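As given in TrEMBL:
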ACT_SITE  152  active site
ACT_SITE  166  active site
TRANSMEM  93-112  transmembrane segment
TRANSMEM  119-140  transmembrane segment
TRANSMEM  160-182  transmembrane segment
């Protein structure tokens with residue numbers, strides 16, 4: 001899992017680049033802002049919906065505890081209830097992960113209007129969608145409100161059992177770092193163009 005500091009540094013990096021881009025390209029219209037927000041909302045709701053639908057199906061068809069083998073014992077669906085974080089980490093800190101996911105989802109909703117990069121919007125929406133999917137479990141599933149256990153069911157080889165939300169979070173983190181690299185490259189190219197213009201005008 002990535003630390004809070006990693007994400008904070010990434011946010012600061014992208015926000016700094018966004019400010020540089022805004023100074024160079026001028027203000028971005030409300031239409032573009034609205035597009036980013038609508039896209040992020042669609043991704044978040046879509047991921048959370050697919051996650052909850054898949055969990056409901058697993059609870060219905062695999063409630064007896066029998067695994068469904070898709071590719072032998074290597075790839076199968078088997079129902080587990082996870083009190084911890086993604087991939088069954090931190091099983092004794094359910095309430096803490098509930099708080100973290102709640103803060104993250106609210107934080108993304110607050111930060112969304114400031115996003116000016118498509119990759120960043122997609123990445124954060126994927127992470128928020130996964131966080132929301134698991135947050136619903138923690139809030140409303142047994143054993144109690146705010147400390148509910150997350151439904152996991154995807155088992156691949158000897159890897160930890162996970163779910164659709166966990167997959168979305170992992171992919172979102174990967175896309176987030178791609179966004180940082182792309183923004184850094186864009187910033188370097190922009191600075192180089194400015195330096196070339198200064199030399200040409202000297």
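Along the chain as shown, the residues are counted starting at 1.
Cβ from N, Cα, C; glycine included.
Predicted, not measured: the structure shown is a model, and the values here were computed from it.
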Quick test of the contact rule: Cβ under 8 Å, at least six residues beyond the ends. What residues does that give for the transmembrane segment (93-112)?
11, 36-37, 40, 44, 83-85, 121, 124-125, 127-128, 131-132, 134-135, 138-139, 146-149
Sorry to bug you, but what's the C-alpha spacing from residue 152 (active site) to residue 166 (active site), rounded to the closest Å?
9
Quick one: what's DSSP say for residue 166 (active site), helix, strand or coil?
helix
